[in-house]
Amino acid sequence: MSTVTADPAPSSARPGRSARPSRLRRSWEKHWYAWAMVLPVVVVLAVLIFYPLFRGIWLSFTNLNEANQVAEICTRSITGGEVCNDNPNKWEFVGLDNYVRVLTGEVGEFWQWTGTTLIWTFVCVACHFGLGLGLASMLNRPMRARGLYRVLLVLPWAVPAFVSAFAWKFIFNERLGLANALLTAVGIEPVSWFADRWTALFTAIVTNIWLGVPFMMVALLGGMQTIPSELYEAAEIDGASAWQRFKNITLPGLRPVSMTVVLLGTIWTFNMFPIIFLVTEGQPAGQSEILVTGAYRAAFEGIRNYSLASTYGVLILSILLVFSVFYRRVLRKQGEVW
Amino acid sequence: MGRAPKTGRSRRSPAMSVLLHGTLILASLIAIGPIVWVLLSSLKPGYAIQSSELTLFRDTTLANYRYVLTETNFPRWFLNSVIVAAFTMAIGIFLSATTGYAVSRFNFPGRRPLMMVFLVTQMFPVAILIVPIYTILARLGLINTMPALIVAYLTIAVPFCAWMLKGYFDSIPTSLDEAAALDGCGPFATFWKVVLPLARPAVAVTAFYTFLTAWGEVAYASAFIQTDNRFTLAYGLQQFVPQFNPQWEYLTAAAVLVTIPAGLVFFFAQKHLVSGLTAGGTKG
């Protein structure tokens, strides 16, 4: 131990120890405050998100439902004592049965719901992004009443989703709604919106677009304001047209923001429960259900089927995971490091 | 308020001006139209709403509001919602800010996985995993209490907010932290006294987002709360929508009342929305 006084590293204080614990220790000393700062969130997420997730995955391989969840059936005998017997129909491990039943269409309409979900997600996200981009680039220029327009356009964001759902359901009401009143006023036959799969889906999509554009618009507007204005000035000196400036400066400059909001928007829309649930209620006859709402009704109407709900949950999560891995891979191929 | 690009860059022709303002006015009308329509309807008596005639005002009355505020449990639900939303907001800001700061500033082991986890939590179909969460909350004895809702809403809101705040903190130069450290501030003091005040726009957006999450959520509220005097607004309002005969006149009035507090929070946050969300988006 000749180096005791010369070596400032803390590991020298513990001679004979291997490097590993001291590295752990140093890591702890260096990072403890970072870990302390994220700890509460990690604990809450672990208890309320990851434990349910793993339990959900396990349940999807069983046949647990409301009726067979008790392990013992107890009956009061005539003498007053309680006799407990094992429940003969107790829930059990059933392997892949749930997945087979769901994927073959024995329960629910998995493939139809998936199709509807894909259409719903694609149309909504495309419109959110397109309209958001259009409005943001209009707002990103000097003009009168700019602040007022921005407040008004963002306002739908402040309306709670269930209130918007009620409002639009009210507007699309077949008998007393504004939509049909306007159609009648211009001489078009009123439409029974919820009698056809596509018109029903249309009402839900309109509602969701109305609800979701402000977020995209605000995020993209923010992104546009981080693009240095020198770029535009230089382009203008070079004689670039407005469209060329948009295509060659604005769009590339927005890439990082767009990538994030499109991914988030896709995930959020895919799992958007209240709109379909409250606006179309699956009408007509469950044809306008998306995966989350269809699964919810299949699993929770009648005898609550916990294992079935979990099976759907796992399938939905898998679809989204595959999508985001794929999405990131495509981005990385195009040189995005995100 | 965002900066506009330099004035005079492109002088618009009058036709372009008309087109620009026309489009924006139309878009604004679509944006506020449904809200205004519900507001107007809430001022009509029931029979006027039930008629299919298109009128803006008819026998204007506040009777629907009177009914909702005095004949139902609405004030109680309102109070419950305020409590749940306020706590979700306060705790949510605190947790997302500390987490966002740690992830932004310190390169600690577990940092990247944590960011991934935040993204994955957004993929959870809430409506379906509600049962396992219910089981846990029941085991903790939290069913039919407000903490159950607050904790559940935090799991929805905090990952996104932490992500957003992380992006904003990234845009604050680390030289400020270093200067504070030289002045003898520890990491917590640096965060609290130097970085957090600079991140006010992003904090405002977080406040808005957490409040709105708690204010408008239906699925958890209907699963975890069982007695009438503990309902939140989102769930209490469903009482006006019986299966076959929705009471639109009360529903519209209640919808307006529900939207007002959200509107107030929005009003205070809106100045910061653009700048607050910006960095969060760019840095992802």
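Glycine is treated like the rest: Cβ placed from N, Cα and C.
Summarising the annotation, TrEMBL assigns domain 'ABC transmembrane type-1' to A:114-327.
Under the heading transmembrane segment, TrEMBL lists A:32-54 (among others). Tertiary neighbourhood of the transmembrane segment (A:32-54): same-chain residues 317, selected by CB-CB distance under 8 Å and a gap of 6+ residues from either end.
Taken from TrEMBL, the feature transmembrane segment applies to A:118-139 (among others).
Marked as transmembrane segment by TrEMBL: A:151-171 (among others).
Under the heading transmembrane segment, TrEMBL lists A:198-221 (among others).
The transmembrane segment annotation in TrEMBL covers A:257-279 (among others).
The list of residues near the transmembrane segment (A:306-327) in space but at least 6 beyond its ends in sequence, with Cβ under 8 angstroms from a Cβ of it, reads 53, 55-57, 59-66, 69, 91, 94, 98-99, 102, 107-108, 110, 114, 263, 266-267, 270-271, 291-292, 295-296, 298-300. What TrEMBL records for A:306-327 (among others) is transmembrane segment.
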*Near the transmembrane segment (A:257-279), which residues from the same chain, at least 6 beyond its ends, have a CB less than 8 A from one of its CBs?*
117, 120-121, 124-125, 128-129, 161-162, 164-166, 168-169, 172, 203-204, 207-208, 211-212, 215-216, 219-220, 222-223, 288-293, 296, 316, 319-320, 323-324, 327, 331, 336, 338
_Spatial neighbours of the transmembrane segment (A:118-139) far in sequence, C-beta under 8 Å, 6+ residues away_ = 146, 149-150, 153, 201, 204-205, 208-209, 212-221, 224, 246, 250, 254, 258, 261-262, 265-266, 269-270, 272, 276, 290
